[in-house]
Every structure is written in C-alpha cells, then in structure tokens.
Amino acid sequence: MPSTIEAIYIILIAGELTIGIWGNGFIVLVNCIDWLKRRDVSLIDIILISLAISRICLLCVISLDGFFILLFPGTYDTNVLESIMDAVWTFANNSSLWFTSCLSIFYLLKIANISHPFFFWLKLKINKVILAILLGSFLISLIISFPINGMWYNLFKVSHEENITWAFKVSTIPGAFKQLTLNLGAMVPFILCLISFFLLLFSLVRHTKQIQLHATGFRDPSTEAHMRAVKAVIIFLLLLILYYPVFLVMTSSTLIPQGKLVLMIGDIVTVIFPSSHSFILIMGNSKLRAAFLKMLRFVKGFLRRRKPFVP
C-alpha cells in the first residue's frame, strides 16, 4: 500500500503526464489534419510535430522510470533493462532539446533582421537549413543515445555494479563518466537557443531604435513579431533552466546518492517542462490557438446543451 507521499507523487505524475500528452498530442493532431487537408506541410508544422512527438516519448519514459523505482524497485537490478531505459531517455531528451533549438533558430531566421552576408544566406536557404538541422538533430540524438550507450554497457558490464534500493541509488565511476558524457551532449542545443535568443534581442533593440528615429508612435508588425519570438524563447529558457539541472541530478546517480524522495521530486519537476511548454506553443501559434479556442467553445456549448440527469 503506497504511503501518503507516494500517493501524492502518483497523482501529480499522472496529472502532469495526462496534461503533457494531451497538449503535445493536440499539436500533432491539428497539424496532421491540416497536412491532410492541404496536401502540404509548412516548415514550422514539421518542427512542431517532431518536437511534440519527442516530448510525448520523453514524458512516457520519465513517468515509467519513476513508477518503476517507486513500485518495482528491483526492476533495474538487470543492467540490460537499465541500459535500455537510459538510451531511450537520453534519445527522447536530446531530440526534444534539439528540436526546440530548431524552433528557436527558425524564429531567428524568419523574424530577425541582421545585416550580415552569412545571415542573409541562411535566411534565403531557411528551408534547407532547418530541415538539415532537424535531420542532423535526429541522427545525433540517435547516435548519442543507442550506439554510445551500448558501447559503454559492453565496455563496463563486468565492472559496472549498481545498487538500487528504497534508500539510495549508487553506481561506479565508469558509469559516471558515461552518464556525464551523454548529458553534456544536451548542452549544445541549449547553447544554440541562447545564441538565438541574444541575436533576436539584438535585432529587436536595433529595430526599435529605427522605429524611434522615424517617430511612428506605434509598433509595426515586425516589432510585434520580434516581441512574440523573444517572449517565446525567454519562456522556453526559463523552463529549461528549471528542467536541465534537475535532469542532470536525476541521471547522475553514478555520482550523487539519491533518496526516494529526491527521485520523486525530480520526476515531478522534470515533467513540468515538456508538459507546460506544449500549451505555450499552442497559444503562440495562430493555427493551434484557433483550433484550441474552437475546441473550448465546442466543449462549452456541449456542456450547456447537456441536460442534468434526474433519477
């Protein structure tokens, strides 16, 4: 019988998982329906579909890992199963971060105005550049997650010892080096997002100064687009700053002994990022926002028309 803390954990994780899968599933569903209707798909739709699918996978893996540790603590006594879970988690996490960096780069190339030949070339080739980054992101995540994970497992399967109990989770130094190597790979998309943010901010400041010189007295569409993009990237960075350190602690059992309570809190915090960011993406995209509001109106109308049940 789960304790009170464990019951609260299960309720919170189940709620976050439901919200996250619903939000990301909504993004995939709306874009796929629009794709089938128009027989065409835009670049931003491809990015959002890829990001939402990776987020769904990440949510499922995080939640599954938490339930295993809480309800079936002996599950990871088999190193093979732990290696598989590590690989899938690393792949889902890295691909999610890489696809988000693609979204930040797309905002940058689509909206920012920077007078540099290389930037102009990137803007002209935006479709090819973003598609190349998407494909490269997928391949990099795949290589980092599965072959490297398998290589480390085969290399240290004799010396790598692990003890998972209700009290703590500890591993040896070879496993620590492996996990740090895999986790540091996720820093690259984070750095790309930071670069995109600062370039967008630079472009916004520069554009605002030009508007002030002309003394128009109101914001033009370009300024509004800059502001929306900067706000979207800022929110993403804040969520990522909350998520990434906790993720590092959660996956660094090789260096930091972790109590059951720490693992549960870590799971709850890490699920916030992929769950909440989906709704920020929905409200920041005109097509998704319109579909979401239409759905809300339908639900509201359905509830109004529904007659109360009288026994």
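Keep in mind that glycine also has a Cβ here, set from the backbone N, Cα and C atoms.
Marked as N-linked glycosylation site by Swiss-Prot on the basis of sequence analysis: N163.
Swiss-Prot lists 1-9 (among others) with the feature topological domain 'Extracellular', giving sequence analysis as the kind of evidence. Averaged over the topological domain 'Extracellular' (1-9), the predicted model has a pLDDT of 74.
The topological domain 'Cytoplasmic' annotation in Swiss-Prot covers 33-52 (among others).
Annotation source Swiss-Prot lists topological domain 'Extracellular' at 73-86 (among others), citing sequence analysis.
Here Swiss-Prot flags 110-128 (among others) as topological domain 'Cytoplasmic', drawing on sequence analysis.
The topological domain 'Extracellular' annotation in Swiss-Prot covers 147-179 (among others) and is backed by sequence analysis.
As annotated by Swiss-Prot, topological domain 'Cytoplasmic' applies to 203-233 (among others), with the evidence given as sequence analysis.
Swiss-Prot lists 257-260 (among others) with the feature topological domain 'Extracellular', giving sequence analysis as the kind of evidence.
Taken from Swiss-Prot, the feature topological domain 'Cytoplasmic' applies to 284-311 (among others), supported by sequence analysis.
Summarising the annotation, Swiss-Prot assigns transmembrane segment to 10-32 (among others) and lists sequence analysis as the type of evidence.
Residues or ranges marked as transmembrane segment in Swiss-Prot: 53-72 (among others).
Under the heading transmembrane segment, Swiss-Prot lists 87-109 (among others).
Swiss-Prot lists 129-146 (among others) with the feature transmembrane segment, giving sequence analysis as the kind of evidence. Long-range contacts of the transmembrane segment (129-146) within its own chain (CB-CB distance under 8 A, at least 6 residues past either end) are made by residues 43, 46-47, 50, 87-88, 90-91, 94-95, 98-99, 101-102, 105-106, 109, 122, 182, 185, 189.
According to Swiss-Prot, the feature transmembrane segment maps to 180-202 (among others), an assignment based on sequence analysis.
Taken from Swiss-Prot, the feature transmembrane segment applies to 234-256 (among others).
Long-range contacts of the transmembrane segment (261-283) within the same chain: residues 5-6, 9, 12-13, 16-17, 19-20, 23-24, 26-27, 48, 51-52, 55, 58-59, 62-63, 65-66, 69-70, 96, 100, 169, 232, 235-236, 239-240, 242-243, 246-247, 249-250, 289, 292, each at least 6 residues beyond the stretch ends and with a Cβ under 8 Å from a Cβ of the stretch. Under the heading transmembrane segment, Swiss-Prot lists 261-283 (among others), citing sequence analysis as support.
Remote same-chain residues near the topological domain 'Cytoplasmic' (33-52) are listed as 24-25, 27, 95-96, 99-100, 102-103, 106, 126-127, 130-131, 134, 138, 278, 281, 285, 287-288 (criterion: CB distance under 8 Å, separation of at least six residues from the stretch ends). Secondary structure by DSSP for the topological domain 'Cytoplasmic' (110-128): 13 helix, 0 strand, 6 coil.
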